[in-house]
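Visitor: OK, TrEMBL features for this one:
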{"type": "BINDING", "residues": "GLY70, THR73", "note": "Na(+) binding site"}
{"type": "TRANSMEM", "residues": "6-23", "note": "transmembrane segment"}
{"type": "TRANSMEM", "residues": "35-57", "note": "transmembrane segment"}
{"type": "TRANSMEM", "residues": "63-86", "note": "transmembrane segment"}
{"type": "TRANSMEM", "residues": "93-116", "note": "transmembrane segment"}
Amino acid sequence: MTALGWLCVAAGGMLGAVIRYWITSKLNRKGGFPAGTFAVNMTGAFLAGIFSGLAAGSPAHAFIVYGILGALTTFSTWNSEILILWRDGRRAAAVFYALSTLVLGIVFYMVSFIYVSS
């Protein structure tokens, strides 16, 4: 990767992290369904599909997909929230959250990629 590519990833990562923090602070509620994390993961999967189909290999792709969307989506947070739901006895919610995020994330990515690639 070029120096410009690294700079694009770093700049996008800062922006994505701030966006994720803002959205999850507005939508997540203590003891509730982690709606903010779910929203950023689904949005990130959808947008990654679009931009992977449109701008793969460009500095814009590095900025958006690896930078913004890499920081926006939150695999480690997702795992932690599943464990918290499970530990709190909300096992159905934990399983629903885990499976829906996984399945819908793949679906959103595929649909958006196919749409922009056709």
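Placed from the backbone N, Cα and C atoms, the Cβ positions cover glycine too.
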Visitor: Count the Cβ atoms, other than its own, that fall within 10 Å of the Cβ of GLY70 (Na(+) binding site), considering every protein chain shown.
Guide: 17
Visitor: Restricting to the same chain and to sequence separations of six or more, state which residues have a Cβ under 8 Å from that of THR73 (Na(+) binding site).
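Guide: Expected: ARG20, VAL40, ASN41, GLY44, ALA45, ALA48.
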Visitor: For the transmembrane segment (35-57), find every same-chain residue at least 6 residues outside the stretch whose CB is under 8 Å from a CB in it, and list them.
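Guide: Distal contacts: 19-20, 23-29, 64-65, 69, 72-74, 77-78, 81, 97, 100-101, 104-106, 108-117.
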Visitor: When DSSP is mapped onto helix/strand/coil, what comes out for GLY70 (Na(+) binding site)?
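Guide: In three-state terms, GLY70 (Na(+) binding site) counts as helix.
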